[in-house]
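These features come from Swiss-Prot:
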type: BINDING; residues: 7, 10, 44, 45; note: Zn(2+) binding site
């Protein structure tokens, strides 16, 4: 679905770095290094990035909207 604004567990704002994460991931960088550079330290916040589906630069939300 749509990337959450805050971490579900701790409530930290994580959406502010999502676009940079997505761009760097698309360029082939290692997800661990990206999260370290963006200073996403907590496991719960890192989980939010790792578990968010990105397939061919499309999010799950893009697929669902087609079936309105």
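Backbone N, Cα and C define each Cβ position, glycine as well.
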Additional residues surrounding Zn(2+), by Cβ distance to the 7, 10, 44, 45 centre under 8 Å: 6, 8, 9, 11, 12, 14, 42, 43, 46, 47, 48
Binding-site residues compared (7, 10, 44, 45) - highest count of Cβ atoms within 10 Å: 45
